[in-house]
Amino acid sequence: MPSLSSTISVTPDGNNIYVTGSYKPRVHCYDLTNLSMKFERGLDREVIKTKVLSEDYSKLVFLEVNRYVEFHNQAGTYYCTRVPKYGFDMSYHTSLCDLFIVGASSQVYRLNLELGRFMLPFQTNSTTSNCCDMNMYHELFTCGTREGTIECWDPRSKTRVGLLSPNFKEHIKVDSKPAVTALKYQDALKFGIGTSSGHVLLYDLRSNQPLLVKDHHYGLPIKSIYFHNQEDLVLSLDAKTLRFWNQLTGKAYTAIEPGVPLTDLAVYPNSGMVFLTNEAPKVLVYFLPSIGTAPKWCSFLDSLTEELEESKIETVYDDYKFVTRNELEEIGLSHLIGSKMLRAYMHGYFMDTRLYHKAKAIIEPFAYDKYKKEKIRETIEKSRTTHVKLEKLPPINKDLALKLMEDLEDEKQGADAKKSEKLPNLLKDKRFAAMFHNKNFRIDRTSKEFHLISPLITKLEKDLHKKQKKKEVKDQFKPVEQEELEGKASEDESSTDDSTSEEDEVKVKEELREQHRRVEGKKKLKEKKRTVEKDKRGGHVKNDLTNTESKASAEKSKPKFFELKEGDDVLSKAKKKNKRSLFERLNEENEDEAKANRDTLSGHMEFSFTLKKDKDEELEHRKRKEHHLERKKLRRSAHDITRNFKSKPKFWMGKRVG
C-alpha cells in the first residue's frame, strides 16, 4: 500500500485475499495459488470494513467513510449507495440475503441484496452500535453497543430475543462502564467480546456471567477477536499487540508486538498463518508452526521452519525412577497406571524415587541388608591391590609397548590419584593403534637409522637394569630411622650417581661418533658399488670387487688397478653415452634418483597420494549455499515500518527533558 493498510479478509474458498489501504484509497486482490497480485482497483473513499459475499473473489462489499456502501464484482464497481448514519460494522445473512449495518445510530439498517432495497431497521436500546456478528449455526444476529450491552435479534421474526447487560465492575477494575468494541462467535453457544478498556470476556449464551476474563494491560480498545479451534486458542488484537492465549485457562501462549499501530487481523483457515494490517505500507505476515501447518500454497514454509527449529532438550528426571510395567507389577504398584503418580515415557513410566524405595522396602524387607553387604564387599575388593598385573602385549613392537607401560607406571606413582587418571595412554589411544598392530610400522633393527641411535637405546637399557637392581636392594633392607644417617647416605648416593652418569654420557657420545663413522663408511661403499655396476651395464669398465665389505673398508687408502678389455677404447664410453636417446638417459637418471631416495628417515617407506573432494560433498555444499541465498531473499527488514516512529518524551522530576 502507498502509506498504510486498513482491512484484510480471506475468501471462503481460501484462494484469494483482499487488502484495502490508503492513501490514495485502493484495494488489492492477491491470488494465493500463483503467489501474485490478481488485480488492483482505486477507490474514492477510505474503507472501514470489507465483507466477501461469495465463495470466491467475484462479489464483495465495502463499508466506507461518509456513509457509503460500495458493491464490487469481477468487472469492477457494481453499485454504490449510502446509509442514513455513519457506519462502523456490517454482517451478512446468507439465507435472507440481508446485509446488516450498524453505526452511529440506535437503528440497525437492513439492506436486502435480492430485492435491492432497504428493509425496516431493528430498533436497539442504545445510541450507538460499534460491532456485530452473525452466528452461522442458528443465524442469530448479535451487536455490541457503546453502553456496554449486547443485543441478540432473530432475523426471521425481526424481534429482539435477548439482552445482556453485564456488570463489568464485578470482573474488571474500571471507573465507568466500557463500550463493546469487538464481537465474535466461536460456535453455537460460546462467543467473545472485546471492550474499550482492553479486556476480553468469553460468554455462554445460556449464562449472564463470563466464563473467562483476559486483560491486555494496555488500556487500548480491542479491535478484533479470532478463535483458533485446533489448539483451543483465542487471538485478540488491539492497536499495539496481538495476544495468543488459552480459552480454557487464560494462560498466555505468545504475543506479537511489531512496534507499529495495528488495524485488522485475518487468519488463514486451518493453518498457522496470520495476517496483520497496520499503519505501514507492508502487511505483516507471521507463520506459527506450533498452532498449525503451512497452507498448501506455501508448503515450503514447513521445511524452512524444520531447519530453523531449535533442538529439543530432553527433560532429565533427577528425582524420578524409570520402571517398566513388569517392575510395577513386582512391587505391587500396577494399579497406579493412568494416574498422576506415573508419567508414561517410551516403554515404561517415571515415578518418584521415594515412592519406589518405600514400595521396594515393603516387598523386600531384607534388601537393604543385601545392599549393605554388597557395598562392603566392593570396598574390600578395591583395597586389595594385586602386585602382579598381567597385561597383554601387542603383537608388533612389543619392546616399545613394554617401555611405554613402564613409563606410565612410573608417572602414576609420582602423580596424585586424580592426575594419574588423566595421564595419556598411547596403547589405548585409537590414533596409535596401527603402530602396534600393522606390520608396516614394525621397527627395523637392521636399518641405518636404528644403528645411529643404538648407543642411546643401550644406555636406556642399562639405566633400566640399574633401576631394577636398586629396587631389589631396597626391598631386601629396611630404611634407617635416624635422620643424620639418611642424609649422609643420600649425599654419597647422589655423588656416585652423578659420577656414573657423567661417565655414561661420555661413553655414549663416543659410541655415537663411532657408529656414525661406520654408517658413513657403509654408505660410501654402497655408492661405489652402484657406480661400478653402472659401468658394467655399459660394457666398458670392469671393476674387480671380489673382496668383502670389511676388506674394502680396510684397504680404502690403497691404490686400485683396473683392467681394460682388448680392442676397447676408454673414450668410447663417453661417445656411446652421448649417442643415446633422451628417453634412455632420462630413465637412467630416474633410476639413480629412486635408488638414492630409497632409504629415508621414515622407516624405508614413502607414500604419495592426492586427496580428491567427494562429488556428493561438493553437491551438498552447493545446495546449502543456494538455500542460504534463498533464505536471505525471503528475509524482510522492519526498517520501513520503524523509521517513522517518534521517540517518546522523557520526563524528570515532573519536567520534560527530551
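Each position is counted from 1, following the chain as shown.
Cβ coordinates come from backbone N, Cα and C, glycine included.
Annotation source TrEMBL lists compositional bias 'Basic and acidic residues' at 472-491 (among others).
The compositional bias 'Acidic residues' annotation in TrEMBL covers 492-505.
According to TrEMBL, the feature compositional bias 'Basic and acidic residues' maps to 506-518 (among others).
According to TrEMBL, the feature compositional bias 'Basic residues' maps to 519-529 (among others).
Per TrEMBL, compositional bias 'Basic and acidic residues' is recorded for 530-543 (among others).
Annotation source TrEMBL lists compositional bias 'Basic and acidic residues' at 552-561 (among others).
For the compositional bias 'Basic residues' (622-636), the list of distant contacts is 282, 304: same-chain residues at least six beyond its ends, Cβ to Cβ under 8 Å. The compositional bias 'Basic residues' feature in TrEMBL is assigned to 622-636 (among others).
Residues annotated as domain 'Nucleolar protein 10-like N-terminal' in TrEMBL: 2-314.
Among the features that TrEMBL reports, domain 'Nucleolar protein 10-like second' is placed at 316-363.
The annotation domain 'NUC153' is assigned in TrEMBL to 429-455. Mean model confidence for the domain 'NUC153' (429-455) is a pLDDT of 78.
Positions annotated as region 'Disordered' by TrEMBL: 463-561 (among others).
For the region 'Disordered' (613-640), the DSSP counts in helix, strand and coil order read 22 helix, 0 strand, 6 coil. What TrEMBL lists as region 'Disordered' is 613-640 (among others).
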